[in-house]
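Working notes, structure below.
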Amino acid sequence: MERKVHIIPYQVIKQEQQVNEIPRGVEMIQAPAVWNQTRGRGVKVAVLDTGCDADHPDLKARIIGGRNFTDDDEGDPEIFKDYNGHGTHVAGTIAATENENGVVGVAPEADLLIIKVLNKQGSGQYDWIIQGIYYAIEQKVDIISMSLGGPEDVPELHEAVKKAVASQILVMCAAGNEGDGDDRTDELGYPGCYNEVISVGAINFDRHASEFSNSNNEVDLVAPGEDILSTVPGGKYATFSGTSMATPHVAGALALIKQLANASFERDLTEPELYAQLIKRTIPLGNSPKMEGNGLLYLTAVEELSRIFDTQRVAGILSTASLKVK
């Protein structure tokens, strides 16, 4: 199968030698507000991308293994080094360790399994992606994150995705960056357009839909995707933009949600149940569902709605009590 898939095109804004901050995207989705309850501990996230810098100080404690399915390094399966930068950036947004330097990921105690399916040019064969998904299933991961896509609906790829979901794995993918800002025109990319996949669009820090973000009926939600600071090879940091950057926010969030929900329900939730828990934690932004799906990922949405309800309930009780006094 010689047909090609690529990293979702993205823009490099700037690179930095050193930083020490919680990235704005992590803050925007309210991840720090739930870290006292959950940090993603024990949740295994497979990152299907260009590999990863396993020696990056913000990532090395989180990486539990890796596998190479590309033609880089003469196809050596044991070498999953990132020569591109894209995969390392994605991994950092998901689970960069909280330490005294660098950045912090959405789920700073989640485990990362690096599955290299795109080569140094950011390109790969559909076979590599398919093999990577089956490897993730074999390794019993909880979440698969893919910031990649191609124009073709390949049945074998769809079948691999279905098998992952049937194995109770949450599969998410970037919606794509071919958008024109018009929700009346659809831009389709695969595997993001498969119904079984959680398709992630992008917004900016003003909560406006990113013009480049694909619009179609399969978009599930949106997350920050412009000017996203994260890790890059060589122990450095960089700011990228794209739906590729939005997707790992959702992967990290699901690691947080899975740990929290499983503890609350005292059992392992199924893939559909965890998807429902994710969608409960979104807020509408007023765009077409083709642009934003269910809305912006917002991890404290449930608690904030509960507070509003409690305030209204108390106000109602006080109002009733006043009437009785009269």
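We number each residue from 1, going along the chain as drawn.
Every residue, even glycine, has its Cβ placed from backbone N, Cα and C.
Residues or ranges marked as domain 'Peptidase S8' by Swiss-Prot: 23-303.
Sequence annotations record features per position, and here Swiss-Prot assigns active site, charge relay system to D49 (among others) based on sequence analysis. The number of other Cβ atoms within 10 Å of the Cβ belonging to D49 (active site, charge relay system), over all protein chains shown, comes to 30.
Mapped onto three states, the DSSP output places H86 (active site, charge relay system) in helix. The active site, charge relay system feature in Swiss-Prot is assigned to H86 (among others).
According to Swiss-Prot, the active site, charge relay system annotation covers S244 (among others). Around the Cβ of S244 (active site, charge relay system), a 10 Å sphere holds 31 further Cβ atoms from the protein chains shown.
Mean per-residue pLDDT, taken over the domain 'Peptidase S8' (23-303), amounts to 97. Within 10 Å of the Cβ of H86 (active site, charge relay system) there are 25 other Cβ atoms, across all protein chains.
A straight line from the CA of H86 (active site, charge relay system) to the CA of S244 (active site, charge relay system) spans 8 Å.
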